[in-house]
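The structure under discussion appears below in the form of structure tokens.
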Amino acid sequence: MSSKPTPITPELVASHGLKPDEYQRILKLIGREPSLTELGIFSAMWNEHCSYKSSRLHLKGLPTKAPWVLQGPGENAGVIDIGDNEAIVFKMESHNHPSFIEPYQGAATGVGGILRDVFTMGARPIACLNALSFGAPEHPKTRHLVSGVVAGVGGYGNSFGVPTVGGQVRFDTRYDGNILVNAMAVGLADADKIFLAAASGVGMPIVYLGSKTGRDGIHGASMASAVFDDDSAEKRPTVQVGDPFAEKLLLEACLEIMAADCVIAIQDMGAAGLTSSAVEMGAKGNLGVDLDLDKVPTREPGMTAYEMMLSESQERMLMVLKPEKEREAEAIFKKWGLDFAIVGHTTPTLRFVVKHGGEVKADLPIKELGDEAPLYDRPHVETPKLPIIHARDIKPPIGVVEALEKLIGSPELCSRRWVWEQYDHVIGGNTVQRPGGDAAVVRIKDGPKGLALTVDVTPRYCEADPYEGGKQAVAEAYRNITAVGGKPLAITDNLNFGNPERPEIMGQLVGCLKGIAEACVALEAPIVSGNVSLYNETNGRGILPTPSIGGVGLLDDFTKSATLAFKAAGEAILLIGETRGWLGQSVYLRDICGREEGAPPPVNLDAEKRNGTVVRGMIHSGTATAVHDLSDGGLLIALAEMAIAGHIGAALDAGPEAIVPHAWWFGEDQARYLVTVPADELLGVLTKLKAVGVPCLQIGKTAGHTLSIAGERAIDIKALEHAHEAWLPNYMGGKA
């Protein structure tokens, strides 16, 4: 029986997130009014989340190639070669809007989705990281959101069985109505067994794998492409529900059918579910796709074609199967207790045809849905340059030691232990360096190789100067990987911005991308995967521009990794890199002086590369006993973190007369490291560094149980540690 078609009104088009000109483009493309299912398909494929229509033009400027890159952007995840027929597969992706509406499930399914992106490529996940941005601590929703998101990330990762080894947590009032949950997953695969999404061959069976389809997550991708308002909490039904135990079964079943050589192409059902997975597989392979929705396993009776095509139920995959392997593949999935259903086949027509109940519900051109979606060159204006702050013009309201006591326990700089202790960071037994250091270190199989992993960005720099902020995010990832002894190899990015229809916001995105591209070229770390999340604003107020950078580096021998903890008393403390006392956009200027202003510190990429190469050499030769990169909070914060980690104090010289004390100790100049070396090796190290033109200054030595600066009162390391560890648990317990 034929159902009565739904009239397509301007209101219905608008509710699907399509602009009037985009709807006119659809009419011209298909030569008729679309059905409701077709409108839903266009809405899913042409939204910002799936099509990158506002950013695609500018993403083309990113460097994506290197001899060690096996797969760059455009697939489920990026792939790099690390030798010995081993490949690392990794990507970072956002789940921002769902996590604000339903923090536990939003964060959990964000982790689940990124894990699927990695194992779809044939890799076994070995580590997760995340970058979490929350509103101001005093905002009434913040505590609830932190609690839910952290529980969701931990609950999914811990149950699935992958360690969560590092990340970032920040608080800022600009995220009050729009938190960010960026999840990164890293997997290990055989370099000659990488599985891609492009279908090949006509008449090949298309198989639905995994969990059943329900009504959860319908319009999830469209919601991720919209701005928020006061009624956004009503969108809770569009948040997907995750089952990490089903995902673990799906992982094992997928890796088993891959090993059995059953797979032509495979794609995870993520944003826009069955629609995007089927369209992407066909479009990438220059093939059409016919789907029969009567064959789709459903969780609820009476689901319409529209609902099935747009559902974002979790733990599902779509595969193009080698026909002769059907019985073997089905047996594997039945063994793991998962659905296996042939729901369609590839065609030579370049049409996307969807049938349900004996009727054709959609018949559309597949290329125009996929890689030929709309592309916008949106108007953008460059962010105005801010004046350079001169440190001598900033009068310190309190002394250096008082400032240290205040900053080390502040929301910006305090320990994140409360967060990472809720994650299982050692499951699998390969975590060499746990959270709390510059980068996580994960052993590969039984060694000797290891991976250095980090996630970095400084949003306040990106707003003040998007170009320098973009450069700094990459440079910070480079330094963090270097500080543990890793050689940075490649990057995944997660670009979180406000409304791209506002020229100043589009200008932030363009500026950050220019800086990121320049840094990636200079530091030889190409972008191999990524994600763009736009429209992160509530009631017209955008987030801070937050291009999260996920970095992956390689250690030839994980036993030679460095940590930030002081190791012994009597060692020389060296400051590597040039210090000018840059206070613009520093934590000190904001939190101690109450001023959010000035140009951020400039990033000299030549100095970053030169200094990083020297520090890695010191680690590999065994000269460096402790290493820490300098970032938020500057020199004195980094020294305090090293002292706290090692339970050893330091006797520090006063800073040079040319730089005022508060700028020397709290300036945030880039390309700097702190390194300790044994006293008997000091002269040799200083001579070598001078010969290669690397600025280096001995600023003190490790000693005792206090941090003491010449001319200032000493402060006990235990007191610093208490202040550093106290704020977050007190806040989450309602005491701060």
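Each Cβ is built from the backbone N, Cα and C atoms, and glycine gets one as well.
The number of other CB atoms found within 10 A of the CB of HIS49 (active site), across every protein chain shown, is 26. Swiss-Prot lists HIS49 with the feature active site, giving sequence analysis as the kind of evidence.
The secondary structure of HIS95 (active site, proton acceptor), as reduced to three states from DSSP, is coil rather than helix or strand. Annotation source Swiss-Prot lists active site, proton acceptor at HIS95, citing sequence analysis.
Sequence annotations record features per position, and here Swiss-Prot assigns ATP binding site to TYR52, LYS91, ASP493, GLY530 based on sequence analysis. Over all protein chains present, the Cβ of GLY530 (ATP binding site) has 27 other Cβ atoms lying within 10 Å.
Summarising the environment of GLU93 (Mg(2+) 1 binding site), the number of other Cβ atoms within 10 Å of its Cβ, over all protein chains shown, is 24. The Mg(2+) 1 binding site annotation in Swiss-Prot covers GLU93, ASN531, and the record cites sequence analysis as its basis.
Its Cβ placed at the centre, ASN96 (substrate binding site) has 24 other Cβ atoms within 10 Å. Among the features that Swiss-Prot reports, substrate binding site is placed at SER94, HIS95, ASN96, HIS97, ARG116, GLN240, GLU312, SER313, GLN314, SER533.
The DSSP secondary structure for ASP268 (Mg(2+) 2 binding site) is strand. Under the heading Mg(2+) 2 binding site, Swiss-Prot lists ASP117, ASP268, citing sequence analysis as support.
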Candidates GLU93, HIS95, GLU312 (recorded positions); nearest Cα to GLY530 (ATP binding site) turns out to be GLU93
Long-range Cβ list for GLN314 (substrate binding site), cut-off under 8 Å, min separation 6+ in sequence, same chain only, gives THR109, GLY112, GLY113, SER211, ASP216, GLY217, GLN240, VAL241, GLY242, ASP243, ALA246, GLU247
With ASP117 (Mg(2+) 2 binding site) as the reference Cα, tell me which of the recorded positions GLU93, SER94, HIS95, GLU312, ASP493 is the closest one. GLU93
Residue from TYR52, HIS95, ASP268, ASN531 whose C-alpha is spatially nearest that of ARG116 (substrate binding site), among the recorded positions: ASP268
Nearest of the recorded positions (HIS49, TYR52, GLU312, ASP493) to GLU93 (Mg(2+) 1 binding site) - Cα to Cα: ASP493
Nearest-integer angstrom distance between the alpha carbons (Cα) of HIS49 (active site) and GLU312 (substrate binding site): 14
If you compare CA-to-CA distances from LYS91 (ATP binding site) to each of the binding-site residues ASP268, GLU312, ASN531, which comes out shortest? ASN531
